[in-house]
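Okay, here's the structure, questions in a sec.
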Amino acid sequence: MKGIYSALMVPYNEDGSINEKGLREIIRYNIDKMKVDGLYVGGSTGENFMISTEEKKRVFEIAIDEAKDSVNLIAQVGSINLNEAVELGKYVTKLGYKCLSAVTPFYYKFDFSEIKDYYETIVRETGNYMIIYSIPFLTGVNMSLSQFGELFENEKIIGVKFTAGDFYLLERVRKAFPDKLIFAGFDEMLLPATVLGVDGAIGSTYNINGIRAKQIFELAKNSKIDEALKIQHTTNDLIEGILSNGLYQTIKEILKLEGVDAGYCRKPMKKISQKQIEFAKELHKKFLKN
């Protein structure tokens, strides 16, 4: 399960419905053009927390139908509604997903015993493997080394998507749990995360920049740090431009420039403006056009 995973982007029609044809095109682009090792389905990049349970199920259905066995798939089923998380976990397990992920429960200030019960309930009810999704800058949930250790005592909890800038904690987790999977979650810090020993990475920009991400990862693993750093610099120039212009809107616009029907973002996200479109064209021409 190691390697570079795109956090799968989901295209929506102007009325907010899922653009199913476009979703299949994005999946194919990731597999055929970006050459990613896997897809992380149902995460933030898919605007997952703004869609219904039935819509989430449809995304999971399309992803596994289109990808089949060509890449690894991880299904993010997390929700502050534990019943929904379990329902989705059971559903995707029946579909054939071999591993789940779940964001730490957020909004309410859950204590660690509640967070632990949340993960153990999903694992127990589904019988599937679990990757913790730790993204404290959005959830407000910061877990300690000892808390990761408590969760990892469950043999079904096999790793973490580590989307945090605390690289001291990342190093400690890596040293303490050499047999657990660690995926870096910040695309702009892939190189230092790889040096610290992550097993792979999951990111939104890999939908359009997956080839560079794979280069950084492989070069760093082979101690070719100077070469990897040059590519990370270029990657971060691209990411800086994307973030300044609207993350999801810009990635979707760049996908359109690549001939992919990437649709629109789901409200309340804004529709992309003409000014944003023009800047996306500049980024595409400078960083991605062959």
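Heads up, the Cβ atoms here are built off N, Cα and C, so glycines get one too.
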Figure out which of Thr163, Thr234, Thr235 sits with Ser44, Thr45, Gly185, Asp187, Glu188, Ser204 in the aceneuramate site per Swiss-Prot.
Thr163
If you pair up every Cα among Ser44, Thr45, Thr163, Gly185, Asp187, Glu188, Ser204, the residues annotated as binding aceneuramate, what's the maximum separation in angstrom, rounded to an integer?
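Overall maximum Cα spacing for these binding residues reaches 17 Å.
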Which one is it: of the recorded positions Tyr133, Asp187, Glu188, whose Cα lies the shortest distance from the Cα of Lys161 (active site, schiff-base intermediate with substrate)?
Tyr133
Counting other CB atoms within 10 A of each CB, which of the binding-site residues Ser44, Thr45, Thr163, Ser204 comes out lowest?
Ser44
